[in-house]
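Asker: The structure's right below; bear with me while I get my questions together.
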Amino acid sequence: MWKILKTFFILEKSNKKNIFTCIAVAVFVFGMVLFVKTENLGNGIKEQSIEYQSLSSALTKFQNVDATPKGGGTELYINLVLQQQLVAKQRMAIRMDLPELLVDTAIDFANLRAEAFDMKGYDKVAGNLPSKRENQLDSIFYQYIKKSEIPISTNPLSFFPFIAYLFGVLGSVWFIFIAIYSCGIMIEEFQHTSLIKGYPISFDKYVIAKCISSMLLVGVFLLVLFVCSLPLIYLEGLGNPSYPIPIFNGDFDVYTIYKYLGVSILYMVLISIFAILLSVILNVLLKNMYLTLFVQLLLYVLPMLFPSMMNLLPFNPFNYLNFSSVLNGQMLDLANPVALNSAYGLIYIGISIVILVVVVKLFLTTGKLKKV
């Protein structure tokens with residue numbers, strides 16, 4: 001097995017597709033750096049200005065009246081005016097560098113928004129304002145900041161905050177990336193079994209060796225992500241690896257950056273193994289890499305097209321392949337909310353990998369391959 005792995009790795013190392021993929025990953029990282037800088041992400045003044053404009057848009061749907069308790073305004077109208085005042089207070093706290101005031105105001109703001117969700121007429125302005133999920137994430141974030149007394153980070157281009165943001169973006173497309181990369185795996189061998197008859201190992205071991213070599217290259221891709229981000233340490237600083245990231249894991253919670261990265265990397269590794277094994281099995285059945293890719297992408301988007309499937313089949317691994325949306329709790333914003341647990345997602349994907357490995361071991365021998 002070791003000799004065949006060594007042979008595969010030598011071949012893969014000089015493969016133009018792999019070299020191009022590494023370059024594409026590097027370009028993606030540099031592109032994300034440019035995007036974060038251009039969009040000025042993490043600029044508190046800009047974010048509060050957007051929040052203020054959203055509230056102003058919501059208030060235009062009401063008749064302009066006195067917002068005092070005796071002014072004749074509805075309960076929701078008064079609430080929105082108070083929200084707007086708190087946003088202005090947050091902007092002032094940012095400009096004057098008053099972090100304690102900013103955190104306290106942000107907590108009050110989240111509590112005020114939480115009250116608005118149950119007020120009469122809220123549906124009329126819901127499209128202009130954050131969802132309950134987004135408000136909960138903001139609330140738990142600032143409560144954690146206040147409790148732990150961690151300084152608020154304002155530089156998204158420092159190393160650890162950027163890596164966390166990068167992995168959050170990759171989480172929504174990682175399966176698609178690996179599916180495209182691996183859809184041609186073993187296709188020539190399955191179309192022409194004589195190509196591998198000369199190897200001194202059984203066909204199932206040959207397939208496993210091929211999958212392992214592909215996973216080693218996935219490890220190289222992950223390494224490229226980190227290596228290309230290293231210059232940020234010199235340019236922008238290291239950042240705080242213990243900085244909180246609000247997540248949903250059955251309940252609203254906070255992960256530190258290093259824990260978030262650990263969960264993300266574990267997801268990416270398991271998703272890669274799952275996608276590669278699935279490509280192998282689909283290729284032996286379909287013998288066409290484009291059909292294989294189509295089927296994989298179809299299975300990936302089905303839970304999004306038919307969200308009710310997530311409640312009917314919570315153990316479906318395809319529910320969890322967009323792990324960024326799982327950790328963000330985005331499924332809670334659906335018409336019929338689905339509370340997906342990221343820990344269960346890892347378990348379900350892991351079980352699916354075991355099943356796929358068993359399928360490869362039991363059925364992909366040279367003799368049985370011909371019958372297929």
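Glycine residues also receive a Cβ, built from the backbone N, Cα and C atoms like all the rest.
Copied straight from TrEMBL:
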- 20-36: transmembrane segment (TRANSMEM)
- 162-187: transmembrane segment (TRANSMEM)
- 207-234: transmembrane segment (TRANSMEM)
- 265-286: transmembrane segment (TRANSMEM)
- 293-313: transmembrane segment (TRANSMEM)
- 343-364: transmembrane segment (TRANSMEM)
Asker: For the transmembrane segment (265-286), which recorded stretch in the set 20-36, 207-234, 343-364 gives the largest number of Cβ pairs separated by under 8 Å?
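Answerer: Between the stretches 20-36, 207-234, 343-364, 343-364 has the largest tally.
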Asker: Looking at 162-187, 293-313, 343-364, which one has the highest count of Cβ pairs under 8 angstroms to the transmembrane segment (207-234)?
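Answerer: The listed stretch sharing the most Cβ pairs with the transmembrane segment (207-234) is 162-187.
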Asker: Please figure out which one of 20-36, 162-187, 343-364 racks up the most CB pairs under 8 Å against the transmembrane segment (293-313).
Answerer: 162-187
Asker: Taking residues 6+ outside the transmembrane segment (343-364), which of them lie with a CB under 8 Å of any CB in it?
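Answerer: Residues packing against the transmembrane segment (343-364) from afar: 203-204, 207-208, 211, 249-250, 263, 266-267, 270-271, 273-274, 277-278, 280-281, 284, 314-317, 319-321, 323, 326, 372.
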